[in-house]
2 protein chains.
Amino acid sequence: MSQPNDLKNVGLKATLPRLRILNLFETSEVRHLAAEDVYRILLAEGVDVGLATVYRVLTQFEAAGLLVRHHFESGKAIFELNQGRHHDHLVCLQCGMVEEFYDAEIERRQEQIAKERGFRIQEHSLYLYADCLKTDCPHKT
Amino acid sequence: MSQPNDLKNVGLKATLPRLRILNLFETSEVRHLAAEDVYRILLAEGVDVGLATVYRVLTQFEAAGLLVRHHFESGKAIFELNQGRHHDHLVCLQCGMVEEFYDAEIERRQEQIAKERGFRIQEHSLYLYADCLKTDCPHKT
DNA sequence: TTGTATGCAAATGGTTTGCAAGGGC
DNA sequence: GCCCTTGCAAACCATTTGCATACAA
């Protein structure tokens, strides 16, 4: 369960909306959530929160390094808990399920390519859009 | 110069806006353009076109395989000519410049990873967000 | 108490759509 | 001439912002 100190450590007051949002990312089995998802889930949990607050808090959490923001094809921003380990994403185009992966060789080549061309990488995102081929494709977003 | 047949071959009538938009992508030295960019450039060229038409034509061209649509961090969709060869993108966070690259080993690993996990890749995009470190960073978007 | 955070509603920015007029073929 | 295409304006959707109130410290 997220503690008030988790927030104070990054310089944010421990308010109810912030605690609930952080807690949601820490406990939900679905790791990738859009602002609208967070808003809907909190309302369902009986938390009287505004959508604008959700957006503000998500942005603050991203700035504080608690969350990572992704831009998949959907057009809406997707957030996930920042657990330190960089990774890439496989996104099922049929059911929206997101699976994570990490490949050291791909990371190495990226560094190499950037260096060759005189760039300094700030961040990078590899999205594989695919069909997951599960018999039922059950992971509805 | 783009010909009426380029459009008829993909099942689209050769209208003025379509010809001018295709021509723009074929001749512009800037390969990556947002709808707004296309609109602004055409107006400057004296073509009386509507922004809605630009959006419609870009979407049709994407469906026809003439253009590829990208979702960089900016929040706006970016289009480029589909020249058959898949490639990835280095995007300068300072000046917006886009540089393309292709790495066979990265492609191989992606295929491998998808296969291992039972996915069938439909499309994939690798974006490296970086600082281009050019002394003047001159390529303003 | 005091300044930051919140909720609401209105504003914004990119993109889409309804509709009547226009233009390929 | 027929039907697809266009331009305009209004609608849409995700996100941001202004402002008066509420709340953590």
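Using the three backbone atoms N, Cα and C, a Cβ is placed for every residue, glycine included.
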Among A:H71, A:H124 - the residue TrEMBL places in the same Fe cation site as A:H86, A:D88, A:E107: A:H124
Alpha-carbon distance [A:C92 (Zn(2+) binding site); A:H86 (Fe cation binding site)] in Å: 20
Listed in sequence order, residues not in A:H86, A:D88, A:E107, A:H124 with Cβ within 8 Å of the centre of the Fe cation site Cβ atoms: A:H87, A:Y102, A:I106, A:Q110, A:S125, A:L126
Binding-site residues (A:H86, A:H124, A:C132) in Cβ proximity to chain B, threshold under 8 Å: A:H124, A:C132
